Amino acid sequence: MEKNITPMMRQYLDIKKKYKDAIIFFRVGSFYEMFFDDAIEASKLLNLTLTKRENVPMCGVPYHTSKEYIRKLILFDKKVAICEQASNLTSTGPLEREVVEVITPGVIVDEDFLNDDVNNYLVAISDYKNYYSFSYIDLSTSSLGVMFYENSFFEKLKRDLEKYSPKEIIVSENFYYQYLHKLNLSRFLINRVPAWHLDKDIAIKTIKEHFNILGLSSLGFDEEKPYYISIFLIINHIKNNLKNLLSNIDKIDINNDSSYMFLDDVTQVNLELVKNNNDFSSQYSLYSVLNDCKTAMGKRLLREFILNPILNISEINTRLDHVEFFYKNISLTMTLREAFINIWDIERIISRIQMKRYIKKDFLFIEKALSVFFLVKKLFDKHNFDYWNFDKFEEDSVSKVYFLINSAISDSSDELIKRGYDLKLDNLKDLKINANKYIDEYLESERILSKINNLKIRKTNNRGLFFEVTKSNYSQVPSHFMESQTLSSSKRYKTEKLISLEVDINNAEDSVVAFEQEIFDEIAANVVKHNKVLKKVAEFFAYIDLVVNFGYLAKKNEYKRPVLTSDKEIFLDKSRHPVVEHYVKNAEIFTENFVRINKERHFCLITGPNMAGKSTYLRQVALITLMAHIGSFVPASKALIGITDKIFCRIGASDNLAKGESTFLVEMNETANILRNATEKSLIIMDEVGRGTSTNDGLAIAYSIIEYILEYIKARSLFATHFHELSAINHKAFINLSMKIEKQGNDLVFLREIEEKPSLNSYGIYVARIAGLPLKVIDRANAILESLLSRKGSSFLEFLPYISSDSNDKEALKNDTDVNVKLNEYLELKNFISNIDINNITPFQSIELLNQIVLKVISQSS
């Protein structure tokens, strides 16, 4: 094999050694060829015919259709190295080839590979010297940011992986094996970097060189605290794979965690904020309900808002003011929505232009967007809307770009640069189009000058253009005619002008293409000079599109403006679940419900049957709270909502087989996270905690969780349960709620309406009956239930410690009332009494047993 290998195959093998983890698209003429294992793998994934040549497996795709094949490989989380011919066909020896880029899921910039409404993130995670940081980049939008994890880093890491849903992750090998292997990361492409690649000095040098700065302090970093290592990992990865495609990255956003509501990964999933838990699409998510934006930029900003609710009341109210303006000015809102249809994704277009990956339509799209920009300014001035953050200099900059594109770029498919923009180009185009006309005009001018009436211009393949003069006219040949050939009956002549005209005509087509491209590149370079203001225009459109969208939806769906306060309250009147209401609108009227939570009464226990709407009610409160924090109106007739620093939502659970965790363990892990991290300003949503174990264990755990929240965390909480015994809890902050039902003979009607009283029955057997269980099973279940109820003795809660509302008892509760201990004592006493056979003891023995019971009770009470 080594002896018989061709120079081209040797070239391929040398390149493959450098890109072992990528599928090489090896350019051969008008095809990209793949060889060996690459060919075998690609043929399966792309459904290509696998062939062999000299025992080398191979397959290929045409160059002009290669994008679609590359896109499919990226969807399979594969890396694709594009290897192009670097020399022309006239060179001697084998063609030179080089890898011009490595396309991976996280560094896509081609619009054909991207989703309009979703950012395409590459993420890097660093734990260098125990300075934990998380950096992210969307190369297509020039978004680069970093977060410092100063505490609770693992919980924040899980949150951010869910929030950003990166296509690709870069991480050190040590960090991966220490932490990331604990997570289910099968959906991500992982790049593990050897620890020795993480060098502080090299990182500083690399970042300084890219941003052309003297020190990292100008970016907001302390060089002695290497949180910037994750930024270095991103820059290095892109430089190695995409050569010079970092030119569009000119700033770093350093995110302040305390400015945003904390939504852990479990809460994001359980509330189905941006994707559902069935097929993981956006349908049936909160995002799908709130997304009627007209621009791709607005759609992405909406997703960002939903996953990053803000905590500053002033900032929230500013957003709400803007939404209210468009809510009240619906005619303006509809005009803007119509205009925004003409705005393409200029955020990504600007990035492509900076990276020199532009085409003509990109500039035409910018021109259209900027025309809308001027329209919006006029409309805002007319309606006295004061959100306009562009100064005169920036407006002039936008005008320059608009008029440059408008005067230069043609919207005709026949040309790139408009006529009239460049005189030299116009002349070349005229020459190309009117070659025969110019030849005829020149011929006529020479006829007049020479007075040779039969003077002709002819053309041959060998001699090109020439004048032909017959013998009778030799004496009239002008002095500037240069003889080139003598024939028997005529002579052929050339002139300097004819030679020049011929050269111009022959080169006209190539010259037009080359010169147009030169002018086009100059225009692109001029547009890039205004990239900062153009990015600001893109951000402006995204925000206005979003608040216009919120105003439109508020009017359409009868949402109302929430009032944000600094108090610990959630007051909702006639509230609805935004997602359920949206998707069942044509089927039934959604039942409106109230919520009354304040500083004094902040823990709601919700009981009632399955199917009655408990889970819907829980999510409804959480989603409305979140909507208020992103600046949206909410589905309620009235809403007062205290600023909420964190939302925790533990609803449902399933086995984590990959980690060997049962449903119950998953449930307890999630609950532990809530109890560790919730604060008095948080909102806790818990549904059926404790159901995954025995009744006694589950009831005891649920009780102790409620006790802990009431006494120590004091967060606003909604706790749905089928443990009806818990409704007997006596605490001043405790509220009993239940879902109304109505009996109609043997049937139940679920009214899905909340009321302030406990429910005494879960009606599980009724639900089983309407689900279609056999009648014998239902009858038997009813009989067993009656038997169990007839045997039920004292309330479980009678044996649990009193939950005091008096703050003086808190320390005693901390030190002396371990619920698990008390529960064990209760069970021990219960078993002791249950084992007494009262039919076979003497009076003396009964007195002795009674004495033992009294002593046990006294010892347990001491």
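Backbone N, Cα and C atoms are what each Cβ position is placed from, and that goes for glycine too.
Here's what Swiss-Prot has on this protein:
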- GLY608, PRO609, ASN610, MET611, ALA612, GLY613, LYS614, SER615: ATP binding site (BINDING)
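Features recorded in Swiss-Prot, as mapped to the structure shown.
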{"residue": "GLY608", "record": "ATP binding site", "Cβ neighbours (10 Å)": "28"}
{"residue": "PRO609", "record": "ATP binding site", "Cβ neighbours (10 Å)": "20"}
{"residue": "ASN610", "record": "ATP binding site", "Cβ neighbours (10 Å)": "18"}
{"residue": "MET611", "record": "ATP binding site", "Cβ neighbours (10 Å)": "17"}
{"residue": "ALA612", "record": "ATP binding site", "Cβ neighbours (10 Å)": "25"}
{"residue": "GLY613", "record": "ATP binding site", "Cβ neighbours (10 Å)": "23"}
{"residue": "LYS614", "record": "ATP binding site", "Cβ neighbours (10 Å)": "26"}
{"residue": "SER615", "record": "ATP binding site", "Cβ neighbours (10 Å)": "19"}
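One way to see the shell of the ATP site is to take the Cβ centroid of GLY608, PRO609, ASN610, MET611, ALA612, GLY613, LYS614, SER615; the remaining same-chain residues with a Cβ within 8 Å of it are MET739, PHE750, ARG752.
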